[in-house]
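Below is one structure, written out as structure tokens, with a few remarks after it.
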Amino acid sequence: MIQIQLSQNCLSGSEDGGSPLFVACQCGHMEIVKELIKRGAKVNSHMKDKATPLFIAAQNGHYKILVYLLAQGAEPDFRRTDGATPLWIAAQMGHDHIVAQLLKAGAFVDASRHDGATPLFKAAHKGHSAVVGELLKYKPSLEILTNGESALHAAAFSGSLTVCKQLIGAGADPNLKNQEGYTPADLAQKQKHNAVYEYLGSFAGHRNKN
């Protein structure tokens, strides 16, 4: 049994707006998280950059803490100052189990950061195929995003053949041009990702019907 000597200072914030709850969420200390919330720590408190305890748990892949925070009323779509949500950061980090839970809790699949990158775009760029698989279950946008690119462009640029196949299978258009006029195959060729280029090139002039 964990005993915590909690004074009012224990729940107060640091210069960056953090608190013991944020540290516990970052380090994966479930019992401390529970005790702090029991003693009055706010589940939707945030740091100066608006990152919440849920965001920190999602970022660090602490599934049990994330589930607990959601059960305590944590807001799944609370945005950091750059627009990133817990789902976005989990997708970037490749935490597919976290992504699945957040989507189940109602997180918006296309919540983009201020630069226009959605969770799917970021997962595709990083080559996180398991995350991409979870996101595709919720019908995310496969079109050109506000950043001028599509998720397929991101996957092609980074050279992830597996993700490219996933996106094509979900209906992504291999002939879609980005803001600079390049198709995903063009980007793969420029980056010398030959296998990806050959695969995407086989769709030249044909819209995928899957």
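In case you wondered, yes, glycine gets a Cβ from its N, Cα and C as well.
Bear in mind that TrEMBL entries carry predicted annotations, made automatically and left uncurated.
Pulled from TrEMBL, these are the features on record:
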REPEAT    16-48  repeat 'ANK'
REPEAT    49-81  repeat 'ANK'
REPEAT    82-114  repeat 'ANK'
REPEAT    115-147  repeat 'ANK'
REPEAT    147-179  repeat 'ANK'
(request) Please average pLDDT over the repeat 'ANK' (16-48) for the predicted structure. (result) 92
(request) Using DSSP, tally how many residues of the repeat 'ANK' (147-179) sit in helix, strand and coil. (result) 17 helix, 0 strand, 16 coil
(request) For the repeat 'ANK' (16-48), give the DSSP counts of helix residues, strand residues and coil residues. (result) 17 helix, 0 strand, 16 coil
(request) Please spell out the DSSP helix, strand and coil residue counts for the repeat 'ANK' (82-114). (result) 17 helix, 0 strand, 16 coil
(request) Take the repeat 'ANK' (49-81) and count its residues per DSSP category (helix H/G/I, strand E/B, coil), listing them in that order. (result) 17 helix, 0 strand, 16 coil
